[in-house]
Each structure stands twice: as structure tokens, then as C-alpha cells.
Amino acid sequence: MCAAQRSAAALAAVAPRSVYAFSARPLAGGEPISLGSLRGKVLLIENVASLUGTTVRDYTQMNELQRRLGPRGLVVLGFPCNQFGHQENAKNGEILNCLKYVRPGGGFEPNFMLFEKCEVNGANAHPLFAFLREALPTPSDDATALMTDPKFITWSPVCRNDIAWNFEKFLVGPDGVPLRRYSRRFLTIDIEPDIEALLSQEPSSA
């Protein structure tokens, strides 16, 4: 049974209210980073893969957003995942070299935060992604987006709010609350107006 099928009362009793309840270990190793340390920042969270057909497009656009908007308070977070077509089959220690020499290649280096490989769907999903999927069950640009090809579904249980492929995006406000989810087809760079709107808001007096 999907977590989404549990009673609303049970979920309300235990569910975190923001991403600040979660932590993740950086790709380079070391101690887990609490997302609470990013309080007040606008976050763009993506499940990434280094061998996907859109790796070049999305990684370079993630870099561009971080470069342009990072000084104003945007933090881009990438979470490698091998659940979609086995397109992140490298070990954690190999991913940066894959990005540098293969895709995007040409010496590419991500300027945003990358974390260790994790699962985003199923019983072993990283708690952050389980939370994001509950908070935003479908992409705002394509509410029908879901994985429909059985040969690519390698996780269990299968839920309606599952991430459908690499490079789905979650935009999180400066209070840590998820605001919008975008499908893999929505260009990363086209999220810029939504990010700009959040960065332009006056800080809450609460």
C-alpha cells in the first residue's frame, strides 16, 4: 500500500512541515548536511542522472541558475538517482568524473550542491523525496505525468505521486515549504521567473 493511502490523520500527526527536517550526505563525502542550514534560501531540488538524454541540458541550466541567482539566495541541490533506466550507474566517487569528461564533458564542473546517490521512489526512497512527493503529488505543468512502461518500474510500492523520470524539479520557498513541482519536460532554466518571484518577496515578519 502506498504511503499516500494512509489516513490523513495519521499523516498529519507525524509529517514534517518543511524540508528543514531532512539531511543528506554530500557527494564528496563527510557528514550529512542538514537542510535546516539553508533556512531562508530558495531551493531548487532535482533528481539527476549523468547518462540521461537531457543530462547536458539540465546540468548546464542548473549551473546557470546557480551562477545567476545564487548571490541573491538561490541554492540548487542535485540528488543522483539510478532508478530511471539505470542512467546513474556510476559509483558516488565516479560521478564527478563522468560529468567532467563524458556528459556534459569538456571539463564541466557543477557549481551547485550534489549529494550521494539515493532512491526517490519506493520503500527505500530518501525521506526528503517521500516528503516532496506527498507535498506536491503531481507536476504543475503536467498533472498526468507518470511512469507507464512496466520495464522501467523497478521499485515497490508504485504510487500515483511517484517521480516519473530523471530531472523532475521541486521549488521550495524560503520557509522550507515545497511550492511547485515540474516535470522532466519543463526546462530547468524556465523556472527562473518563479525563482525570481520568490527572491523578490519581502522577508516575512513572522
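Here the Cβ of each residue, glycine as well, is placed from N, Cα and C on the backbone.
According to Swiss-Prot, the features are:
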ACT_SITE  U52  active site
MOD_RES   S37  phosphoserine
MOD_RES   K91  N6-acetyllysine
MOD_RES   K91  N6-succinyllysine
MOD_RES   K117  N6-acetyllysine
MOD_RES   K117  N6-succinyllysine
MOD_RES   K151  N6-acetyllysine
MOD_RES   K151  N6-succinyllysine
MOD_RES   S200  phosphoserine
MOD_RES   S204  phosphoserine
SITE      U52  site 'Subject to oxidation and hydroselenide loss to dehydroalanine'
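In the three-state DSSP assignment, the secondary structure recorded for K91 (N6-acetyllysine) is coil. Neighbours of K91 (N6-acetyllysine) among the modified residues K117, K151, S200, defined as a Cα within 10 Å of its Cα, are K117. Straight-line distance linking the Cα atoms of S37 (phosphoserine) and S200 (phosphoserine), rounded to a whole number, equals 21 Å.
When Cα-Cα distances from K151 (N6-acetyllysine) are compared across the recorded positions U52, K117, S200, the shortest belongs to U52. Least packed by the Cβ count within 10 Å, out of the modified residues K91, K117, K151, is K151. S37 (phosphoserine) falls within a helix when secondary structure is assigned with DSSP.
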